[in-house]
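What follows is a single structure, written as structure tokens, with notes after it.
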Amino acid sequence: MTRFGRFIARNFVLVLGFVVLLYLFAPIVVVMLMSFNAPKSRLSYTFDGFTVDNWLHPCRPFGLCDAVSTSLRIGLLATVVATALGTLMAFAMVRHRFRGRSATNLFIFLPMASPEIVLGSSLLALFVSSGFGGRLGFWTILIAHVMFCLSFVVVTVKARLAGMDSRLEQAAMDLYANEWQTFWRVTFPLVFPGILAAALLSFSLSFDDFIITNLNAGTTVTFPMYVWGSAQRDIPPQINVIGTAMFLLALIFVLAGELGRRRRERTRS
Amino acid sequence: MSAVGQLGAASQSAAPPPVERSGRRMTAYLLLLPGGLWLLLFFVVPLVSLLAASLYDPNGSIENGFSMTWHWQNFGTTMADYWRPFGRSLWYALLTTAFCLLLGYPLAYAIAMRAGRWKNLMLALVIAPFFTSFLIRTLSWKMLLSDNGFVVDALQWLRILGPDGRLLATTAAVVTGLTYNFLPFMVLPLYASLEKIDRRLIEAGGDLFAGPVTTFRTVTLPLSMPGVVAGTLLTFIPAAGDYINAQLLGTPKQRMIGNDIQRLFAAGAYPTAAALSVTLMAAIVVLVLIYVRRSGTEELV
């Protein structure tokens with residue numbers, strides 16, 4: 001066997017893993033490539049020519065940037081509300097023992113275990129039957145987004161809290177910190193990465209949601225709804241610009257977090 | 001996303017804290033109140049109104065309103081009309097779950113056991129696709145699988161596809177898209193449970209003269225079962241309700257139940273759409289309960 005063959009044999013699983021990662025990344029490469037596309041016709045799915053024009057004028061397709069801004073506003077608001085409510089719930093679940101705790105656990109888990117089409121259609125049924133059928137829009141989308149982000153926030157913050165050493169708080173109390181001081185000086189800073197992760201998760205869930213939003217949006221158009229609408233007619237390359245930009249921003253965020261973590265670890269050791 | 005991975009992890013590590021004074025117990029209820037109310041008003045109450053809507057008189061319309069006639073027959077008539085897309089949805093979701101497990105397990109194993117210092121980077125790469133919109137990624141599959149795309153060319157050259165064979169607008173395309181979209185939901189819980197396995201147990205398998213295959217089958221795989229159960233559920237459930245992949249990558253022949261529910265709601269046929277939606281939810285709950293019971297891991301939440 002050649003040296004290369006032996007390497008493959010020894011690291012078979014790792015190689016397989018990389019192949020699967022390639023599968024995960026193939027469409028993203030296409031999105032990046034297509035953001036530089038100069039399509040010949042309006043219904044073109046092929047790469048016809050290179051241009052940076054799309055990047056210079058991302059708002060050219062009518063309504064695209066309005067849709068992005070609607071999605072950003074809903075995403076930010078939903079993130080703030082869901083993160084606040086979900087963090088409170090996570091504290092109750094991990095730090096307190098009360099009657100109905102396991103039932104509450106199930107209750108929080110259920111929305112994550114329901115298909116989006118069911119969540120979306122039941123909300124629509126509620127809005128219609130309570131007379132809000134004609135007023136679907138920004139606020140009904142926001143209500144829906146907070147609802148489905150909430151469970152994900154609880155689970156994320158809960159995991160961080162559960163993995164925390166409660167002796168640190170006991171030590172603070174032993175050193176005569178009162179409950180309030182202990183919370184803000186010890187507990188909160190330790191849980192904060194979990195809250196931040198939950199907020200990021202909420203934002204990306206909200207920004208990306210289509211199925212639930214589409215049922216409860218009325219005439220309001222979010223970014224995914226804009227993409228859906230244009231997929232039926234023509235796909236402006238600027239959509240790929242927005243997709244690539246979002247991806248790069250998130251990547252920078254993740255890399256910065258990872259670098260920060262490594263630096264903290266180095267200074268500690 | 002990491003939340004999904006921690007689904008299994010959170011449960012086992014969170015032992016309930018000791019019994020508390022009644023004052024502290026009140027604090028717990030206060031903390032739960034705002035979020036709990038939100039879930040009650042916008043998750044539980046809507047499910048009830050969905051159930052109610054499924055029993056409305058099917059002859060009503062948006063203009064004239066719907067009247068509650070306890071029309072249980074709605075379920076029978078909708079199933080008679082829509083059993084094909086319904087069964088197709090469950091079948092596609094099953095295929096998707098199987099492919100996700102097949103692709104996701106090696107990846108999760110590689111990250112948990114072999115990645116070394118690249119572990120965090122590889123995990124970040126699994127999550128990264130989430131940051132480009134779901135719809136945009138599905139649209140780019142449309143391009144990758146198109147008739148003059150290189151995937152079709154390569155498969156034709158390998159004689160896997162005939163010279164007129166195509167991928168787009170087939171079942172294969174829809175399942176490829178579904179598998180792609182839900183793969184991270186499989187990988188993250190699998191990774192979480194593989195990561196927790198005590199390596200010494202695997203070494204012990206080797207010490208007791210078990211080959212790598214036997215060790216995997218008798219030690220690693222059983223210990224990773226909580227991850228397998230969580231991952232398959234998190235893949236199957238959203239896949240069964242999805243209609244984006246069927247719409248963008250398939251034809252009406254690959255239509256899934258989500259397509260019909262969405263179309264009927266948009267057309268104002270609320271009783272029919274609601275009945276389909278309730279049936280989907282009921283089918284999923286029943287399947288999940290059977291599956292969780294049989295796999296013996298009820299400690300999931």
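Keep in mind that glycine also has a Cβ here, set from the backbone N, Cα and C atoms.
Annotation source TrEMBL lists region 'Disordered' at B:1-20.
Packing against the transmembrane segment (B:29-56) from elsewhere in the chain are residues 66-72, 74-75, 270-271, 274-275, 277-278, 281: each is 6 or more residues past its ends and has a CB under 8 Å from a CB in it. What TrEMBL lists as transmembrane segment is B:29-56 (among others).
Among the features that TrEMBL reports, domain 'ABC transmembrane type-1' is placed at B:86-291.
Beyond the transmembrane segment (B:89-109), the same-chain residues lying 6 or more positions past its ends with a Cβ under 8 Å from any Cβ of the stretch are 126, 171, 174-175, 178-179, 182-183, 185-188, 190-191, 194, 220, 227-228, 231-232, 235-237, 239-241, 246, 254, 256-258, 280, 283, 287. If you look up TrEMBL, you'll see B:89-109 (among others) marked as transmembrane segment.
Per TrEMBL, the feature transmembrane segment maps to B:121-140 (among others).
Taking Cβ pairs closer than 8 Å, the transmembrane segment (B:167-192) reaches residues 1-2, 4-9, 92-93, 95-97, 99-101, 103-105, 107-109, 111-112, 123, 126-127, 129-130, 134, 137-138, 141-142, 145-147, 151-152, 155, 161, 224, 226-228, 230-232, 234-235, 238-239, 242, 245-246, 248-251, 254, 256 in its own chain, all 6 or more past its ends. The transmembrane segment annotation in TrEMBL covers B:167-192 (among others).
Per TrEMBL, the feature transmembrane segment maps to B:264-292 (among others).
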